[in-house]
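S.K.: Have a look at the structure that comes next, please.
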Number of protein chains: 2
Amino acid sequence: MDIYNYNKGFELLKNRINIKDLEKIEYDREVILAGWIINIKNIGNISFIILRDQTGDVQITIKKDIFNDLEFIKEFSLHTFIVVKGKYVKGIAKKYKEVVAEEIYLISEPADRLPIDENSYFEKRMNYRWIDLRDPKKSLIIKLTSYAVKYIREYLYNNNFIEIFSPKIISTASEGGAEVFELKYFDRKAYLAQSPQFYKQMAICSGFERVFEIAPAFRAEPSFTSRHLTEFTSFDVEIGYISSHYDVMKVLEEIIKYTNKKIKENFEDEINKYYNVDIFVPENIPKINMEDVYEIVGKNNIKENGDITSEGEKILGDYVKKSYDNEFVFIIDWPWTARPFYHMKGEPMKNGIITTKSFDLLYKGLEISTGSQREHRYKILLEQIKEKGLNPDNFKYYLEFFKYGAPTMGGFGFGIARYIKQLLNIENVKEAVLIPRDPNRLEP
Amino acid sequence: MDIYNYNKGFELLKNRINIKDLEKIEYDREVILAGWIINIKNIGNISFIILRDQTGDVQITIKKDIFNDLEFIKEFSLHTFIVVKGKYVKGIAKKYKEVVAEEIYLISEPADRLPIDENSYFEKRMNYRWIDLRDPKKSLIIKLTSYAVKYIREYLYNNNFIEIFSPKIISTASEGGAEVFELKYFDRKAYLAQSPQFYKQMAICSGFERVFEIAPAFRAEPSFTSRHLTEFTSFDVEIGYISSHYDVMKVLEEIIKYTNKKIKENFEDEINKYYNVDIFVPENIPKINMEDVYEIVGKNNIKENGDITSEGEKILGDYVKKSYDNEFVFIIDWPWTARPFYHMKGEPMKNGIITTKSFDLLYKGLEISTGSQREHRYKILLEQIKEKGLNPDNFKYYLEFFKYGAPTMGGFGFGIARYIKQLLNIENVKEAVLIPRDPNRLEP
């Protein structure tokens, strides 16, 4: 047997099964498994390998009386990728199922020693993200992200939404100009979309009644917090023919209920294995007026423009946990000074402050979504742009969408990674994406 | 009644139904509808409006004996958006269901006359894409795109794939440097990903066994053909633990079968209404070696590097239609000279030409997908980079993925818009995306 006979290895892969599927196999049957070597032990005439694939670990026992010569094991090191044909036996090892090897071929051998282990510091782990993710605790985050968006889409398709794919290269900076990446587009300048805001609204003006998009969005923000990324997956919804922002919150509430319920049903055991967290499924999500939020978080946590601080968000999260036994809360009716020009104005606060028909959704004291009813009347929209001190010329194309009749509309943006971070109580949002981007991190 | 009382209009929207849902309603019931006015006729004491929403058109009859004064109708023009409360009656109009209006409010009025109609030329229609899409023939394309990706994902989730979200801002130009958009990333240069190729392979090196991504990809190609876009939605699959590229084609074949079948089942009537096309559901997809393809398309359609011309693709499409009664065909085992460095080499042709374990999928004579088994062995990959005359330093991060053990892998990229274009026999791929981008078109 030549372990370097790759073609024999490729051939074996035709009938390879997942390590987890050994559960369904009878003892003494022949099986073919493949994976990374994550441990090797040599004891004279016998060697033990722990082999890992996405579904689990298994012990491969290599006996001299089968292979005659165990010299070839010297070619193996940690994370060598091999394929093994052997007999599934009722072993004596408690922790692992056991397969006694009959044939082994290399699929690919490491060209260097492993540069990280589980104790490596964060930035180094991120430099070797693909090795970092071989740890099932880490890969579960990526898998849950995939399933969270699956459930979100399920809810949306079941409720007559269609998915749109809007351009990410745009001619003008979408929400005012700051914090936008600039690029060279043939002989002119262009920008990367900070959100699909304008285009999802355009879709509603096109006659689609309920649309969503799950796609990358870009922010040239020089932030190094545990909750910011320069590129992130934005989940965006826009709904036409609405009566007010309450119609939008209803949809978002239903999405949260559906998604958390599905995740709990399908992943509770796996989550409990690696994360000490219960998945909370809300029956409903309380709504608190910004006016009342100010009372709860206190003066020190109110910013000049009427927004609240991230410390204020945490205080409110605790308050809602205590008073409503809920991990979610909508902060509604934000002051006009804290919202963009396209939010529709609402009823004033008791003290006369102008509000908008808007909301934020907090999950365990962190904002994961922002939404509103949009101003869809051309003349009022134009007024609001001017009122914000913005130049209408910069919003020429956006304004055009509303020039030829438009339905009422409202929607929200929702950060997938922030949601996953809060779901699993992960400290840094960068752990919740496949390959994070921040001002310093452009690799791998 | 003041038609400008927006708040009353918003209030009515709470109980608004779709125009199509009139089917389910008894005559003489009160209904609330909303939509764009697409036709107005005034005949003395009576006016007729054709109102359109996403689900259909309806005739709104406005009688003087109900409103006393019909002066307010002068405020309406084409594409004014209104909400109507009225009685659903058994009308005499053949083409439309009829509602006799009792209350009407403006939701938003046009600020200008409609700039396009269905006869406007292509570029002008694209400038006012949101009005263009109010035509149900056009919006069906966008809806089918949404459902095509829904069915694709359904197949993939049912077959243990997970969805990944890979970065679009990258540090090095992914496939060699040409035709890539450059951007300013804080104080350094970065690029927009031409495909998620390297990252989907990284995901396999991370231990995920089957991954996919549906996301924007960017090509700075100064092409003005009917099949090129500078930004497009790329559907990408990567599968680990494969035995050869045949495993990859099997998955792609199943996806095509599943998706075309679902589209036929659910949208045949709608498609027939607007497009004169039968949806073909293949039982299987024939495979033709590049060696044999050369014979079929003839010398004039073979490019210098061993690729075939787009005219050659059409000839092959016709050939497959005639010989196999199939709209799909895999061209397999492409010459090494026509494929990128990361394709795995295969058996040589009879005349000794080196091939790759690769394929293209043609649909009605147009390439809609390209795939292969990838070279996953670090040393061979390094050799192949050099053999292509490329600088390994430019692929440093990519090479790293293979340095610490890797499974076999293969996958494909698939152009969603091209697929939809071929499905419906649309002439220009730009009609198959919400908002197209080409070297001149950066707006809206």
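Quick reminder: no glycine exception, Cβ is built from N, Cα and C everywhere.
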S.K.: Since TrEMBL lists A:Arg219, A:Ala220, A:Glu221, A:Arg227, A:His228, A:Leu229, A:Gly415, A:Ile416, A:Ala417, A:Arg418 for ATP, which candidate among A:Glu268, A:Glu270, A:Glu367, A:Glu375 does it give for that site as well?
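M.R.: Answer, per TrEMBL (ATP site with A:Arg219, A:Ala220, A:Glu221, A:Arg227, A:His228, A:Leu229, A:Gly415, A:Ile416, A:Ala417, A:Arg418), from A:Glu268, A:Glu270, A:Glu367, A:Glu375: A:Glu367.
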S.K.: Match it up for me: which of A:93-96, A:169-172, A:197-200 does TrEMBL list as region 'Aspartate'?
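M.R.: Based on what TrEMBL states, region 'Aspartate' spans A:197-200.
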S.K.: If one looks at the chain holding A:Glu367 (Mg(2+) 3 binding site), which residues at least 6 apart in sequence have a CB under 8 angstroms from its CB?
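M.R.: Once residues fewer than 6 apart are set aside, A:Glu367 (Mg(2+) 3 binding site) is near A:Glu313, A:Asp360, A:Leu361, A:Arg418.
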S.K.: Taking each of the recorded positions A:Lys94, A:Thr370 in turn and counting other Cβ atoms within 10 Å of its Cβ, which one has the fewest?
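M.R.: Selected from the recorded positions A:Lys94, A:Thr370 on minimum Cβ neighbours within 10 Å: A:Lys94.
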S.K.: Once the DSSP letters are reduced so that anything not helix or strand counts as coil, what is A:Thr370 (L-aspartate binding site)?
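M.R.: Going by the DSSP assignment, A:Thr370 (L-aspartate binding site) falls within a strand, counted as strand.
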S.K.: Whole-number Å only: compute the distance from the Cα of A:Arg219 (L-aspartate binding site) to the Cα of A:Lys94 (site 'Important for tRNA discrimination').
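M.R.: A Cα-Cα distance of 50 Å.
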S.K.: Does anything in the same chain, at least 6 positions from A:Arg374 (L-aspartate binding site), have a Cβ under 8 Å from its Cβ, and if so what?
M.R.: A:Gln201, A:Tyr342, A:His343, A:Met344, A:Met409, A:Gly410, A:Gly411
S.K.: Including all protein chains displayed, how many Cβ atoms other than that of A:Arg219 (L-aspartate binding site) lie within 10 Å of its Cβ?
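M.R.: Summing over all protein chains shown, A:Arg219 (L-aspartate binding site) has 20 other Cβ atoms within 10 Å.
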